[in-house]
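Engineer: Sharing the features that TrEMBL gives for it:
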type	residues	note
COMPBIAS	1-11	compositional bias 'Polar residues'
COMPBIAS	25-43	compositional bias 'Basic and acidic residues'
REGION	1-54	region 'Disordered'
TRANSMEM	85-105	transmembrane segment
TRANSMEM	112-132	transmembrane segment
TRANSMEM	152-173	transmembrane segment
TRANSMEM	185-209	transmembrane segment
TRANSMEM	243-262	transmembrane segment
Amino acid sequence: MSPLTANQGSDAQPDGHPSTLPSFTDEKSFERHGRAHDPKADVEAASNPPIDGDSDIVLQSEREIATHVISVDDDPSLNPWTFRAFFLGLGLSAFGGSLAEIYYFKPQTVGVSLMFLAIISYVLGFAMETFIPRHGLFRYLNPHPFNKKENAFVIIMASAAANSALATEVLAVQRLYYNITPNAATSIFLLFSSQLLGYGIGGILRPILLYPSKMLYPGVLPLISMFDAFFRDGSTARRKLKVFYIVFGVIFIWELFPEWIFPLLTGFSIICLAAPNNAAGDPGVWRK
């Protein structure tokens, strides 16, 4: 008897279907019951077939979304600790963090979105896989094809750093209102300790905010869907990628007009260019 069948007695609806799927993807729930966490059990219990077969399923709770929409497949053979991952992660972290900090005190803030980091890391990762040789000493820089865990590692690292440090407000207030300029070492250690404090609190709250399947964050579902389509095989993934490329190309071409072409037209006078020798265009004529 499967785990899903064993739980239907207590969670079954009148029609015989379970009202909610058990949270077999909760790692901590297995530890509390003294059982080892098995990824294969997650896949079997989650009943996560391709999306084409789930078109008639109505998702009614966060747990069902987590087990049906989000993939629970795992390949332990994939290695995320590569030169590509650290190079792209540190580079995009420096880019996003510097951009966010520079524009933090400006009227018009500029930030790096999570979707941009996902797309640019995917493109750069496959570019490094293609152009870095795989023989000789270069095999340590490009040991295997760019995989899903590398891309996820880069996104997590870059998105965590693509924000301004709030402790800079303390330094700004000291200099602006109290005419106190802390030295570089004090400023660096203040920023470093405040950031580590935030990461520590986030780690402490993982059993509450991360591990339970019911803790669903809808804002990241589009990113997960795109991320899953990048690396999953099958007709559904290919259809998603096709739609993504079409929409990306149309938006890229369309944005050229409002962002570049139309603003440039404001610097040209079409009437004067059409008839540069026309005396009626002389401003002195209109003053007479």
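Glycine residues also receive a Cβ, built from the backbone N, Cα and C atoms like all the rest.
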Engineer: Residues of the same chain, at least six outside the transmembrane segment (243-262), with any C-beta under 8 angstroms of its C-beta?
Structural biologist: 226, 229
Engineer: For the transmembrane segment (85-105), name the stretch out of 112-132, 152-173, 185-209 with the most CB-CB pairs under 8 Å.
Structural biologist: 152-173
